[in-house]
Amino acid sequence: MYIYLSLITILICSSDILCQRSSPLQVEKDTAVYDLLQNYHHYTELDRLLNQWAANYSKIAEVFSVGKSFTGRDLLTMHLTSPLTTDIEKEQDENQLLKPKFKWIANMHGDETIGREMMIALIYHLLLNSQSNTRIARLLSTTDIYIMPSMNPDGFESSAEGVCDSRSLHGRGNTKNIDLNRDFPSPFTPLKQWKNGSTADLFYGRQPETIAVMKWILKENFVLSANLHGGSVVASYPYDETAYHTANTYGESPDDSLFRYIARTYATKHLTMSKSDGCGEKFAEGITNGAKWYDVPGGMQDFNYLHSNAFEITLELSCCKYPSAGDGTLKTEWDNNKEALLAYMEMSHLGVKGFIRDAETRTGISGALIQAEGILHPIRSVKHGAYWRLLLPGLHNITITAAGYLPQTKFNVNVTNENSTSALRLDFNLQPIAHNTSSSTTTTKDVSSTNDVYNLLSNYADKLMNNSRDDVLKALVDPQYKPVYHNYQSMVEKLKELNNKYPNITSLYTIGKSNEQRDLWVMIVSDQPLTHEPGEPEVKYIGNIHGDESVGRECLILFIEYLCINYGQNEYITHLVNNVRIHIMPTMNPDGFEYEYKQTVHAQGIHAPGQGRLNANKIDLNRNFPKIELEHVTNENQNDIAIPKQNVDNGGYRLDKLTNSEQHLEPEVRAAMHWSIIYPFVLSGNLHGGALVANYPYDNRVVGSSTKESKSPDDKTFQMLAKAYSHAHPKMYKGDSCIKFSDGITNGAAWYVVDGGMQDWSYAYTSDMEVTIELGCTKYPDEADLKSYWDDNKGALLAYITQVVHGIRGFAFDSKTKIPLSGVVIHVHGNQHNVTTYRDGDFFRLITPGVYDITAERIGYQSETKQNILVGSQSSTYVEFKLKRKDSSNDSDKQGPFSTFVDSTSTNIKTIYRQVKEFVLYRTLFLIISGICALVLAIIFAMVVIYLKCCQGSTSRSHTGFQRYEPLVQDENDLPRIERVQGRKNHPMASDSDDEDNETLFSSKMNKSMIP
């Protein structure tokens, strides 16, 4: 009996499946798409089709213009989602707010046409199947899809069908023969500088098509996108461009693994792409890194990744750029791409999404930073606090930071990506930082408690620098193993072991790769390892920049464990880790060390055949940083002080200015430079070997100078820092080792000149003060001697980074909005070296004890000076700046009576609106009252109708006869032209407004560009 029932069930299901497969309706829909692809669609026909479809499917589709081409053609775009909603409707539905936005852009090269037709077919396919196909209905209901069939309509109109490669910019470029995929801002090309010192904006000098798409990308919050091209069959992913634009160079992004995954997904779903056997080029799995294939400066996919939240790849769809449509090519290409197009859009739902809200008010926080541990690419939350972060499956630690709020981290978030229609929901509720509005954002209590902690830490450092050193160290626990040399593999295993053992206070990440593709690992030790805490200084140690100088490498591995095992057990270490964020890179030259590790005779320096001191390219990394040109200060009282030449841009913080030089920078150096710029390091130590001394800037010297020393503006401060290490070392301060140094310290150039060294670069280009520390006369000692090196240096390593609590610290705010200001220049009078505030408005200025005048300056603000600031020998002095905007001071005093009236009226309207909104939210009461009002109105209306009918009986109809209404001009055939668009009625949308401040991005009127 059960067998019969099972057979019947199977037959029913099978017949149902067969019926679905052979559904005449489905065949008809597929045929309709094929019919559409019998020929190419020029601009006029494209315009007509999109408007017709938008009218026929008005509940799920709308067409708008992102902008105009050089000749005035609209950059037509179709928006598809189910249902289309207004902003007000979205605000009432969390599911609508959390829909990820996806975009397709095709035909940016006018002669690459397959993508253009695939987009037209995709729009039609989605519309036809929006109700009958479960997968497509689900995709439309969970995703906001935007499709631009042609970014270069002018170029398309100039191209010739059947020409596979025009080999010119005619057709490929826009009307002005500009390649639009070389017209976006490049991270390695400086923006134009005006004579008055200001910088042009991102849009200056670019084509109208580029500007329109840039503004669209920056205003919308796309999560995933793709750019369709032709000329090959491959999925290309970022980066497209590298600093020197050299061939065959891999442009690795922080999200390289994710980009490879989404590119591979498209390639494998495509019927031929993954086979990698077309167009004469071989691409493994049908994917390639953009720069590895060929360098594209100013490309669109890199712009998306670097300037917005969007992840974009480039899809090359055909060997022939503009094949003839007559032989069924377009139908074949649709078959090749249809499944891949759908699968790629579904990847908008990878990773996590959610809301970031104020824990007290429950309002959304826009602009918050979302950081996944180990991926140096944060994204930002948008309106209402919504965010989306694409991630691969695995356990992720995710940290949220926002100005004015305490950071929050969620550990071991299990991302599975099993649900293709929704990313993992992960909300954050941030606690506001307590404010003292009467005087300071940081309360007096906070400043006082921080001062107490800094005083305690300073006292411990002082003890390490005198006869109490042993007392401090006896209270600390050493790692319970005999120090050994770690090759690269064992070092990585050890770092990962420590990270897994102490996950709450460590974070392991890589800043880049060496020449031989070894990761440059860094371990953070901090109570908040995943985020910068406003008001907390950050320090770093770097070891093994010379591969044969090995002591620093092993001491730093031990130092990481030393901090971890004593955290929570020892007062000094616990307060240090809680109040200073410590970054430790055991090796900056893993390739050089690997060579040296395998040798039987070590540290032969530049005379060794393989030169373990150097990197794999035989380059000394501590001579490879951008050279700093120095000149003497013209002030008579400081004529022995050197500063970077004023006519040489040594003070620029942009990476493009640092890497666009004739000097070739090694990948290890570029990674270290980028790392030093994106993190707000205050103090650094660079560990070497070959002497026993603490060496401070400058290493270079003014050309032609007769003085041996090369003093920086902070010479006294650097001596203080160097002595902190030297005097905390049981031997260094004596200065009687292999080379004699007074106090165990030396000015770099006074010892020997180093041109292109890391410590000079750090001081000239960042707010970081770095000292080079030579740990011993033997560069690569026997393994048995490592224990004695560790015992000599562990206290000095602690004392040195504790110096970060000295000097001046504080914040800079906008006086009106109270928003923290980044990029504020902090200038100590009489000192030619400045520091700048970080993104949370915080700054740290290491300086010796004394009395100083300090000025804070920022473009667009009035400068502010604090006089007679006393800096002591222990805790740093807290200073807060509240800068006033130059164009907004005393605005209230300048208002006339009309402005006052407008302000008052605006306030009253807002108050009424809030009261009405609150009333409407009481749904039951609102419905009852609304029903009563509706009934009363209906009665009145009925009475009016009856009255009019009674009056009609006595009305003469001798001239007109009986007629219920006069013909009106607004009948459909007589609509004014201004109310029609391409033959269909255009109903004004609720968002249309004459108020420029409320101008919406999209316009349903085809004669109105989205971008003014």
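Counting begins at 1 with the first residue displayed.
A Cβ is built for glycine as well, from the same backbone N, Cα and C atoms used for every other residue.
Bear in mind that TrEMBL entries carry predicted annotations, made automatically and left uncurated.
Computed from a predicted structure; not experimentally measured.
Quick look at what TrEMBL lists:
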type	residues	note
ACT_SITE	Glu316	active site, proton donor/acceptor
ACT_SITE	Glu774	active site, proton donor/acceptor
COMPBIAS	1000-1012	compositional bias 'Polar residues'
DOMAIN	39-348	domain 'Peptidase M14'
DOMAIN	484-804	domain 'Peptidase M14'
REGION	980-1012	region 'Disordered'
SIGNAL	1-19	signal peptide
TRANSMEM	925-948	transmembrane segment
Seminar exercise, completed: Mean pLDDT across the domain 'Peptidase M14' (39-348) comes out at 92
Exercise. Rounded to the nearest angstrom, how far is the Cα of Glu316 (active site, proton donor/acceptor) from the Cα of Glu774 (active site, proton donor/acceptor)?
Worked result: 53
For this session: Show which residues of the chain containing Glu316 (active site, proton donor/acceptor), separated from it by at least 6 in sequence, have their CB under 8 Å from its CB.
Result: His229, Gly230, Gly231, Ser232, Val233, Val234, Ala235, Ser236
Problem set entry | Other C-beta atoms that fall within 10 angstroms of the C-beta of Glu774 (active site, proton donor/acceptor) | 27
